[in-house]
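Structure, as structure tokens:
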Amino acid sequence: MGFIIAQNKNDNNDMVQLICIGWILGIAFMGTSMTDFGLSALPVPASLTILVLSLVITHRYKANLGLKYVCSCMILVSSLLAGYQYAENRLTERLKFKEEKPEQTDVIVYVNRLNELKEKSVSQKITVLGRHPQPVQWISFRKREVSEGQDSVSLHPGRYYHLTGTVRPAHSFAVPGAFDVEKWYLQQNIMSGFSIHAVQELTEQDVYRAGHADFLHQQRSVSSRVLLWFELKRLEIREFILEHSFGNKGLLLALLTGDESLLDDSTKTQFQRFGMSHLLAISGPHVLILASMVCWCLIWLINRYKVTVYLRIPRPYFVIVPFLSCVVLYCAFVGFEIPALRTLFSSLIIGVVLLLRQKLKPLSILLFSASVLLLMDPFSILSAAFWLSYGACFVLLRIYQTVQRSEKIQHEVSDTGLSQIRRMLGILFISQWKIFFALLPFMIIFFKQIAWITPFSNLFAIPWIGLVIVPLDVIAGLSFFVCEPLTSAVFWLNDQCIALLLWCLNLLDMLFHPSLIPIAMDTSVLFCLILGLILLFLPLGVLPKTWAALCFLAVFLNDDTRHGFELSILDVGQGQSVFIRNQDQSLMVDTGGSMDETQFSIGEQIILPFLSVKGIRTLDYMVLTHLDQDHSGAYEHIKDRLLVTKLLSSEQLSVPVKTQFEYCSQGQQWQMGEGVTVQVLLPLGEQLAQAAQERNETSCVLYVQVRQAIGVQNFLLMGDAGWPTEFQLLQQYPELKVDVLVLGHHGSRHSSAYAFLKHYQPAVAVVSAGKDNRYGHPTQEVIQRLKALNIPLYSTVEKGTVSFRAVPGKAMQMNFYRDSLPWMISQNDP
């Protein structure tokens, strides 16, 4: 009988895990088409009906193993489809309120969130009233005006304002691998940015007269007032720390409340180099430390004065309510961030399981916690914090299971105190390496780089921060509500502890000079790595570990010759960059460049991440058509981190020792694998002497031929060339065949002449330009010329990265990156 009960409990755990895994995977497909994976979307009720029927059949006919496996697959698939459709419905609803056009406007807003201070600006989430049928959240920006170290103009939480300013819709650089601002806005439930020009505070009577009585009533509710009170306390703690002469104000504040306003760039950079940025976020240990401290004090008082209470309520059940209350309160205090929510939901589930005297496996609790979080906010799936947080917890669970097995073995033999210490240190060391390798895919996906020193620095940083710094911070935070002199003393002590941590990090900096290592890995190789790690971390006996070795072998024996032809015009804003690859050969034509690469680097933020997801470690060729900032500025900023075998340009420039430099001039030609030829059509050799004075008209004009492609075969890349160069091409290459023309000079009116376009009559024209650029590129004159000749024009502004790919046996495919992601598609498009 006991065996049957245990088997039923195991079956229940397995069913919970299957349902949760399917639900999580379904939501993870948010924004994609299920038909790409051979599945059809079903309405949520239909998916749930299939799920319930499968559960009933499994329970009733559990002795039939074949039927049980079939129903298990149906449970997984129906949960996946239900999660996917739920996520798609929520996505559609949220996108309705997304702003798409910049405009000057006046809005009435309510402020219930703390601002974030930066060196030159202040950002703050605001609730906008009356813009849509329901209040929406924007993020406001304004220049920071500093007076005596504090922001002199601020939107105070709990108040209403009339703001005049400019709506600034999010617009990402739509390039694979680049940070997606629009996705981040969506995940944060921010419908637009807003630049503030003028501020006028309003009274509640003003807001009432404006017709927002329902919203006023909502903000007077108990929950809204409690959340606002927490936000105001966070502001008071920030101001308290600012007023004192602590040496590490930024870390004191960030580790207590998650507010990074006082963190300086050097500290952030140092934590990034050591792979410790996650320690700055409010996570589960912060929440648990507070709850454990409060419950310990409560238990001590009861043991001392009222121990008889345990006769009525057993101690484990007695502490559940205060423990969970502390978890909820601290999560509210830090703004319900994802790692804290993970701890909150896991604690609530454990509490309910204990009260109901049920039994769930730790993995089931973790998966159930993630499922509940995604039920409340499916957009959490878009956040790196979700995957890193739950991924780390999964690895810690596996480590805990390993420790449990080892303790059973150790229990059978004598174990001295010294051996126990050695064993715990060994567990700490091994666990850091396991976490490092388990989270490696997420680091590659989200950050495209890793810090090799992370497992070593975490050996002392995690215990020191978790056992010393965070508890002291929590004590200081609690004492802030009771005794401010005590708060100052505890913060001062913690400041010394943080200084000791930073001293150790500085010492490691001097000894090892750690740096972030860029990782270049395309999708297929990354899939092999993920599959190998999953197999490696599965419990013993589930699947052979040698299968993991085969997956890792595929990572290291990557075949670069499998890549077909690809030409991509990248969305680098007001600039140009074109990537070309065929088999194992790669070429980049220009790198783009912002006006100030030190403030925002096109090279760091777009070019390097793009090459990383393409698996490019070394470029065989780079052509800088000319040395204008918008075509080559990014190269100067990243040339020491981007390996290039051969670089061509119309002007001399300094290159690393391992890079061979050549002037580009008419007549140069090279093969890129089988069937692809690249030719330099212009400038002439004698024109190079004038390259510095006539950069646009001495741009390197490239002609790319893909002889075995079906349909599109010939690409003409004009750089910044204008009418004189176009006339020169007409004279020297009258028989040139052009299928795709990348417009010269971003579509300026002094390029793409009517005669030039009419003569070559390209099938497609592509222009690389920046959104709302001050030059008006592409100009209306060029657009009208193309329309008159029935030549379709595609701009990186509307389409993002424009890619051409050769598929064996099919016509050359043209793809637009913006069309692949629903949050990048204009909701006004037909």
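Using N, Cα and C of the backbone, Cβ positions are placed for all residues, glycine too.
For reference, TrEMBL has these:
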{"type": "TRANSMEM", "residues": "12-31", "note": "transmembrane segment"}
{"type": "TRANSMEM", "residues": "37-57", "note": "transmembrane segment"}
{"type": "TRANSMEM", "residues": "69-87", "note": "transmembrane segment"}
{"type": "TRANSMEM", "residues": "279-302", "note": "transmembrane segment"}
{"type": "TRANSMEM", "residues": "314-333", "note": "transmembrane segment"}
{"type": "TRANSMEM", "residues": "387-403", "note": "transmembrane segment"}
{"type": "TRANSMEM", "residues": "424-447", "note": "transmembrane segment"}
{"type": "TRANSMEM", "residues": "459-483", "note": "transmembrane segment"}
{"type": "TRANSMEM", "residues": "490-512", "note": "transmembrane segment"}
{"type": "TRANSMEM", "residues": "524-543", "note": "transmembrane segment"}
{"type": "DOMAIN", "residues": "574-771", "note": "domain 'Metallo-beta-lactamase'"}
Contact yes or no, the transmembrane segment (424-447) and the transmembrane segment (12-31), 3+ Cβ pairs under 8 Å, gap 6+: no
Touch test for the transmembrane segment (69-87) and the transmembrane segment (12-31), at least 3 Cβ pairs under 8 Å: yes
Stretch contact, the transmembrane segment (459-483) with the transmembrane segment (490-512), Cβ-Cβ under 8 Å, 3+ pairs: yes
Residue numbers, six or more beyond the limits of the transmembrane segment (12-31), whose CB comes under 8 Å of its CB atoms: 37, 51, 55, 58, 72, 75-88, 91, 360-361, 363-364, 367-368, 370-371, 374-375, 378-379, 381-382, 821-823
For the domain 'Metallo-beta-lactamase' (574-771), the mean pLDDT of the predicted model: 95
